[in-house]
Structure formats: structure tokens, C-alpha cells
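Colleague: Just lifted these from Swiss-Prot, have a look:
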| type | residues | note |
| --- | --- | --- |
| ACT_SITE | HIS362 | active site, proton acceptor |
| BINDING | 8-11, LYS22, GLN72, 77-78, GLY139, GLU154, ASN169, ASN227, ARG332, LYS350, TYR365, ASN376 | UDP-N-acetyl-alpha-D-glucosamine binding site |
| BINDING | ASP102, ASN227 | Mg(2+) binding site |
| BINDING | ASN385, TYR386, ALA422, ARG439 | acetyl-CoA binding site |
| REGION | 1-229 | region 'Pyrophosphorylase' |
| REGION | 230-250 | region 'Linker' |
| REGION | 251-459 | region 'N-acetyltransferase' |
Amino acid sequence: MEKYVVVLAAGKGTRMKSKLYKVLHKVCGKTMVEHVVDAASGVEPTEIVTVVGTGAGDVEKVLADKSKFVFQEKQLGTGDAVMTAKEVLGDKDGATLVVTGDTPLFTTDTFNELFKYHTEKGNAATVLTAEAPNPFGYGRIIRDEQGNVLRIVEQKDGNPEELKVKEINTGVFCFDNKKLFEALKHVDNNNAQGEYYLTDVLEILRNSGENVGAYKMPDFSESLGVNDRIALAQATKIMQRRINEEHMRNGVSFIDPDTAYIDADVKIGNDTVIEGNVVIKGNTEIGSECYITSGSRIIDSKIGNNVTVTSSTIEKSEMEDNTDIGPNSHLRPKALIKKGAHIGNFVEVKKAEIGENTKVGHLTYVGDATLGKDINIGCGTIFSNYDGVKKFHTNVGDHAFIGAGSTLIAPINVADHAFIAADSTITKDVDKYDMAIARGRQVNKPDYWHKLPLSKNED
């Protein structure tokens, strides 16, 4: 049986009160519509068609080649939205999954179970349902005495008895594809909203003698639709818990999983420990046996094995095996910390390579530089890389020693085994084995204290 997917993503989302198209709001680092399409892709459909509206260009840019697109000119309801997919799917044999783009919590497993149930029962239509603790706002599933689905009643159209029902429509359906598009021809907008409801297809099919069923999924939380910022936060919290639990099942320890925010695409190796109040975002990869302490923030970076990150920020950078950083240090984009290197406290590294076993202990800025191996960078060293117009590069060779308080003014080359005396301002290249001293000589003036204004305070 061929499988198809229609994703409804044309809604404006006015309740979000945002310039951003609703389905493009992110949950754990991925847009809602990406979550939906990725979950649907797991059922291996022949085609995914996304229905877009006013934000079509933005949605198409995000999904790219994951989907085909059809345009709904006016938002006239879910039935009208699905009908726009007829140009792509109308003549296909198979089963079609219909899902909204603002439900990021659905899983591939749930979609697979729905397809399986739909096929085994030989249904023309199957609605995915759930038992809601508070069903207000949801469409209710109305069944006959034998438990067969009669229809779905929307909140604004239901009578008091119907609104007592707690089994709700999740907004996900599986249809016989050809029967779906044939039934859509008979849907009208005779309802409180004046819209064409996709749910009316169920009653049309049933009245035609077709089998209409419902598969009740066990986890109601998957069905959460995001219509405002409150629901967005709720979805993020649920997704965060799901992501963290998956990492824990794979051998990662979380000291306080409720306060560790990990994006959906992050990869973490086993025996790594994540403390509370940690943020790891984007396409970050973290190896095995690492320790990430509270207050750390890692974005789009690659962390090797046995790395310790202590209350530091790492952005679009790489730390190789057996390195450490922090506390309170910052790797800005394009920093590379090679094996065994040490980045101490209050160090900023930007667009620089720190060689193997090199130590940058504290209170240092390293920008636009290449440092070799086994170098010691003293406290308070500044790599001065900017003249107000252009940025320049500094090279420091293997086994060099940079004394505390030094400033290296680029462009400059410090050779292997060179020695920079403390508090020097270096403006010229330093050759191999040489020591550079560039500071004013100390002058002691005997008995000068008594000439200072301070001495008068002693009288």
C-alpha cells in the first residue's frame, strides 16, 4: 500500500501575536512544521505535500526538498486546505495521513500505529483520538451504541450532551486517498464558522456505507496543538523531557533533567554527565565521558571525549579530546582547542587554534591566532588583532612562553621556543630561542614619598 502525507500549514496563527509564521516557531531548536514532517517521514511515505498560505516562502525555505507544496489562497477551513492537495494526490491509490503543522509532539510510532490500524480494519477513514482531561476547545468524537464513529462535533457547534464527551479529535486522520477527495466534493460550510471542515468527510463516508473508525492513542500529550505562547512553552517542556529521557536511556546522566535544555538534533555520548541549568543547542555533538557543569551554554559546536566544560559558553567551535574550559570562559565562532589543551577562567578565544597541551590559564583574549603545542600563555595576555580597520593574524610556535600581562600586536610571528618577558608589548617577530623584552625600565627614586601629596595626610 502506498502512503501519502498532507501537512496543513496555512494558518496565520494570530494568537501567537508574532511576525513569524505560526508553524515556524521553534520547539527545542526545530520549527514545529519540521517536527511534524520529520515524524511523518518516518513512515516512509511516497509523497509529503504541505499546504501553505501567506507565509509560503518561509515554510518552503525551511522544509526545502522534504516536501512538495500547494498554496491555499484563502483560509476557508481544513477541508478546503486538504482539497488544494488534489492536484498532487487526487488520482493516487493508497492511504493518506492528514496532520496539522502546529502539532510538534506526534511521533513516527504513533503515525505507524494509525496506518496499521487503518489498514487492518479496512477503513475508508480513521481518526486519531485521545482522552482529554479537559476537552474544551477540541472537536468531540461522537459514537453510536456499538462504539462506531458517527461524526466529530466542534466546540462551537456541539450541544450540551455532546460537549460532555472527553474523547477528542487530535486533528490527525488516515483516509483512503481517492475516497477522501471524492467526499471532499460534498463538504459544505453550513456551520458556525462558515468553514469547510475536514471532519465532515467522516459523516459523508459513513452515510455512503464506508467504514469509519477511530484509533485512540495512549498518550494525550502528543496531541497538543500550539496556538499561543502558553502552548508553545508547554510543548517545549514536553519535548525537552522526551529528549532528555532518550539521552538517559542511551547512557547520559542528568543531575537535574528538568533544568537541562537540550535541542532535538544534539548528539551526546555515553557516560557524559550534564548538570542542571545547562543549555545545549543546534547541531552540537558531545563525546563520551564529558562533564558539563551548570551555567554552561554550547551552541553548534563539537566536543570530543573526556572534556570538561565549567560554566562557560561555546559557540560554533570545537574542543578535541581531553581538553577543559572554564569557569566563565567564552569560545566564540571558529575556535579550535586541540587535544590536551587547557582554557582556564575568564578567557575569550575567537577564530583561533590552540595547539595540543597548550595552556591559556586566565584573563586572556586570543583572537585571530594560531598557537602551537606545549605553549604557556601567562595571565592577562592580549592578542591585539584589530587596528580599527582590518584584523590581523598572530602565530605562536611550539614550546613558546608568553609572560603575564603581555600584548602581542598583530601581524606578528613568535617562533618555536621563543620567550616573551612579562608585561611586554610585542610589535616585531621573535625568532627561535630568543627572549623579547619590551617595557619601560624601572626607576626607583629615593625618599620620593615625602614629595607626594599623600605624605601630607600623615601629619
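Here the Cβ of each residue, glycine as well, is placed from N, Cα and C on the backbone.
The model shown is predicted, which means the values in this text are computed figures rather than measured ones.
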Colleague: I need the CA-to-CA distance for GLY77 (UDP-N-acetyl-alpha-D-glucosamine binding site) versus ASN385 (acetyl-CoA binding site), whole Å please.
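Modeller: Between the alpha carbons of GLY77 (UDP-N-acetyl-alpha-D-glucosamine binding site) and ASN385 (acetyl-CoA binding site) there are 59 Å.
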Colleague: Measure between the Cα atoms of every pair in ASN385, TYR386, ALA422, ARG439, the residues the record assigns to acetyl-CoA, and report the largest value in Å, rounded to a whole number.
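Modeller: Answer in Å: the longest Cα-Cα distance is 22.
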Colleague: Among ASP102, ASN227, ALA422, ARG439, these being the binding-site residues, pick the one whose CA is nearest to that of ARG332 (UDP-N-acetyl-alpha-D-glucosamine binding site).
Modeller: ALA422
Colleague: Let me spell it out: for each of the binding-site residues (ASN169, ASN227), count the other Cβ atoms within 10 Å of that residue's Cβ, using every protein chain shown. Which one has the most?
Modeller: ASN169
Colleague: Using DSSP with the three-state reduction, classify LYS22 (UDP-N-acetyl-alpha-D-glucosamine binding site) as helix, strand or coil.
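Modeller: Once the DSSP labels are grouped into three classes, LYS22 (UDP-N-acetyl-alpha-D-glucosamine binding site) ends up as helix.
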Colleague: Report, as a single number, how many Cβ atoms besides its own are within 10 Å of the Cβ of ALA422 (acetyl-CoA binding site).
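Modeller: Cβ-Cβ neighbours of ALA422 (acetyl-CoA binding site) within 10 Å number 16.
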Colleague: Summarise the region 'Linker' (230-250) by DSSP state, stating how many residues are helix, strand and coil.
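Modeller: Going through the region 'Linker' (230-250) residue by residue, I get 20 helix, 0 strand, 1 coil.
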Colleague: I need the most crowded of these recorded positions: LYS22, ARG332, HIS362, ARG439. Count other C-beta atoms within 10 angstroms of each C-beta and give me the top one.
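Modeller: Ranked by Cβ atoms within 10 Å, first place goes to LYS22.
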Colleague: Using C-alpha atoms only, work out the spacing between HIS362 (active site, proton acceptor) and LEU8 (UDP-N-acetyl-alpha-D-glucosamine binding site) and round it to an integer in Å.
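Modeller: HIS362 (active site, proton acceptor) and LEU8 (UDP-N-acetyl-alpha-D-glucosamine binding site) have their Cα atoms 53 Å apart.
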Colleague: Return the residues near ALA10 (UDP-N-acetyl-alpha-D-glucosamine binding site) by Cβ distance under 8 Å, restricted to its own chain and a separation of at least 6 in sequence.
Modeller: VAL51, VAL52, GLY53, THR54, GLN72, GLN75, ALA81
Colleague: By the DSSP assignment reduced to helix, strand and coil, which category contains TYR386 (acetyl-CoA binding site)?
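Modeller: The residue in question, TYR386 (acetyl-CoA binding site), is strand (DSSP, three-state).
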Colleague: Could you round the CA separation between ALA422 (acetyl-CoA binding site) and TYR365 (UDP-N-acetyl-alpha-D-glucosamine binding site) to a whole angstrom and send it over?
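Modeller: The Cα atom of ALA422 (acetyl-CoA binding site) is 16 Å away from the Cα atom of TYR365 (UDP-N-acetyl-alpha-D-glucosamine binding site).
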